[in-house]
Every structure is written in structure tokens, then in C-alpha cells.
Amino acid sequence: MRGLKVSSADWHAELKSAVRDPAQLLTALDLPDSLLPAARAAAKAFPLFAPGGYIGRMTPGRLDDPLLRQVLPLGEELDEVPGFAADAVGDAAATKSAGLIQKYQSRALLITTGACAVHCRYCFRRHFPYSTAPKSVDDWEPALDLIRADDSLDEVLLSGGDPLTLVDTTLAELAERLAAIPHLKRLRIHTRLPIIIPARVTSELLAWLCGTRLTPLVVIHANHAQEIDDNVANSLARLVDAGVPLLNQSVLLRGVNDSTTALVDLSRRLTDLRVMPYYLHQLDRVAGAAHFEVPISRGLQLIAEMRTQLPGYAVPRYVQEIAGEAHKRVLA
Ligand SMILES: *Cc1c(COP(=O)(O)O)cnc(C)c1O
Ligand code: SF4
């Protein structure tokens with residue numbers, strides 16, 4: 001293994017020094033100033049946020065770079081498009097208590113924080129009222145009480161925002177409280193941190209994640225093979241070597257990964273690194289993200305083409321979340 005430094009100070013510093021000013025992003029990538037007014041206007045509704053290490057994986061001068069498309073605010077985000085709403089997936093109706101969402105049998109989701117390591121322009125939670133979510137471990141107690149009282153639950157998902165923006169001492173404490181609930185069996189973390197800031201995979205993280213009684217699972221979120229450089233590969237290897245099953249979910253995004261080549265390359269890269277492709281999500285119809293939408297007919301075609309080129313295990317399930325349904329709808 002290469003001499004990857006994994007002290008926790010590194011990932012904090014990367015978050016702190018993340019690019020928030022559209023002008024700085026355009027300059028770093030040799031892109032024209034003419035993009036600035038629209039970027040500034042769109043960033044007012046949902047701020048730009050991108051760590052330097054992630055920007056470093058983009059190709060300068062390319063407005064069509066698949067990583068840049070995910071973070072650069074565009075004027076199209078301000079268009080009002082019929083059918084695209086603030087709460088696209090019915091989170092409000094499924095909220096059981098502050099920070100606890102349950103839509104499906106046997107598993108509940110904790111919104112651990114509103115913070116993320118990157119602001120993905122297509123994010124379905126960009127309008128989520130995060131200020132109502134718990135702020136400290138004790139604030140989770142009402143949600144934990146509901147989990148304690150419901151022995152039909154055997155799995156808790158930590159989501160957000162991104163749970164791995166929290167420090168390991170906080171997460172270890174939360175994991176300990178969850179592990180003390182006898183009917184829980186598994187702890188699942190949904191995070192983009194290992195992709196965006198691979199130094200986040202610290203020894204402290206591995207210690208609490210693998211030290212709990214609960215079976216850990218980590219679902220990462222990569223949309224394009226170009227996101228997975230050697231540092232990311234090393235961090236994913238640390239997780240798998242520690243015994244953590246890794247799954248990946250992607251969102252099908254126009255101009256980012258809506259080609260057979262992009263999706264096949266991503267699946268190959270993931271499986272080579274022992275990460276199983278799990279879900280390819282149809283875009284949730286959240287206001288501001290309409291320009292990322294790929295028609296389902298095209299998505300079905302892409303999955304069919306992937307099947308001809310990949311082993312069965314490397315083809316993700318193509319799913320769509322429909323508010324009120326008992327599970328994510330499997331499109332293919
Ligand atoms: C997507 C989701 C889950 C997880 O669903 P799986 O199909 O088990 O991956 C759980 N809770 C909520 C609220 C979700 O949106
Ligand atoms: S990391 Fe996840 S929750 Fe955060 S902005 Fe991106 S898609 Fe949304």
C-alpha cells in the first residue's frame with residue numbers, strides 16, 4: 001500500500017478549505033468568466049461546495065467534465081419545471097420523529113447531519129429542512145426511543161447529509177447506543193466521503209465501524225469512474241480489508257454518466273476494487289435538477305447494453321423511488 005496519510009486532521013482541513021466561491025472554481029479549471037453570473041445566481045439557492053482534492057480529479061478547460069457537472073451551479077437550476085418539487089420523495093410524510101425517516105419494513109433511516117463533503121447539484125435533499133434534525137448525540141434520544149420500541153426493525157441506516165462529516169467520537173457513541181438495542185442486527189452507512197475525501201477513512205472510523213456488535217455495511221456513492229483515483233482506491237481497500245461489505249449507488253445523470261461506456265467503466269472499476277454495484281437511481285424529480293434527467297426509456301436501454309458487456313453481478317439494479325411505495329421500484 002502507498003504511504004497514504006490518514007490522520008483525522010487531514011479530512012477536516014480538506015472540508016474547511018473546500019471551494020465555495022464559483023469564481024475560484026472557474027479560475028482553478030481555466031473556465032471562462034462568462035459562466036460566473038449564472039453560477040453565482042444558482043449558488044444563492046444551493047451554495048457551491050467542492051473540496052480541492054475532488055476538483056483535482058477534473059480536467060481543466062472542460063465544461064463537460066463529468067465531475068464538474070456534478071458541482072458547478074448552472075442557470076438551469078433556477079428554471080421552474082412542472083413536476084419537479086421541493087420534497088420529491090415524500091420524506092416529510094415518512095418522518096417519525098426529528099431526524100428519523102421510515103418508509104420500508106425492518107429498516108429505518110437516521111438523518112445524522114445536514115452537512116455534506118460536496119454539494120451535488122442534483123441532490124434530492126437539497127431542500128430538506130435539516131435545521132430540524134438532531135444536533136448532538138443526546139438529541140437523537142427521541143428517535144432512538146422509537147427504534148427501541150419497534151422490534152420489527154433490524155437495520156438502521158445512517159444518512160443525511162453525509163454521516164461521515166461527523167467526527168468519529170460522535171459516531172462511535174451513536175453506534176454504541178444502537179448496538180445496545182437488542183433487535184438491531186445491522187448498521188448501514190450511506191456516505192459519499194470515501195469518494196470525495198478519501199482521507200476520511202481513518203483508523204478511528206474503522207475501529208468503531210468494525211468494533212460494534214452490529215454487522216456493518218457501507219454504501220458509497222460514485223457516479224463516474226473518473227471519481228475513483230488511486231487515493232480513493234486505497235481508502236476503499238482499507239474498508240474492505242477491515243471486513244466491511246461495500247456497495248455503490250449512482251444516480252443516472254444527463255451529461256455525467258448517461259452512456260454505456262461511462263456506466264460500464266464505472267462498474268468495472270468498482271468491482272475491481274471489491275465494491276458491488278447496488279443501485280442506479282432514476283433521478284428524483286427535485287426542483288432545480290430537471291436538466292439532469294434522463295428518460296427512463298434511455299435508462300432501460302443503457303442497462304440492457306450493460307448486460308451484454310458485464311458479468312451479472314456488475315450490473316446495478318435500476319430503481320426509482322416513488323413516494324408511498326413499499327420498496328424502491330425496480331425498473332430493470
Ligand atoms: C432508500 C431508502 C432505504 C434503503 O432502501 P434499500 O432498498 O434497503 O436500500 C431506507 N429508508 C429510506 C427512507 C430510504 O429512502
Ligand atoms: S453527498 Fe449525498 S446528500 Fe450530500 S449533496 Fe451529494 S447527493 Fe446530496
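Easy rule for this one: first residue shown is 1, then count along the chain.
Heads up, the Cβ atoms here are built off N, Cα and C, so glycines get one too.
Listed in TrEMBL for this protein:
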- 102-314: domain 'Radical SAM core' (DOMAIN)
- C116, C120, C123: [4Fe-4S] cluster binding site (BINDING)
- K328: N6-(pyridoxal phosphate)lysine (MOD_RES)
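TrEMBL feature annotations superimposed on the structure.
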| residue | record | Cβ contacts under 8 Å, 6 or more apart |
| --- | --- | --- |
| C116 | [4Fe-4S] cluster binding site | F49, C123, G160, G161, D162, T165, R192 |
| C120 | [4Fe-4S] cluster binding site | Q70, V71, R192 |
| K328 | N6-(pyridoxal phosphate)lysine | Y279, V319, Q320, E321 |
If the criterion is a C-beta within less than 6 angstroms of any ligand 2 atom, which of the recorded positions C120, C123, K328 pass it? List them in sequence order. C120, C123
Students should find that the Cβ of C123 ([4Fe-4S] cluster binding site) has, within 10 Å, a number of other Cβ atoms equal to 19
What does DSSP assign C120 ([4Fe-4S] cluster binding site), in three states? coil
Filtered recorded positions, from C116, C120, C123, K328, whose Cβ is under 6 Å from an atom of ligand 1: K328
Hey, does DSSP put K328 (N6-(pyridoxal phosphate)lysine) in a helix, a strand, or just coil? coil
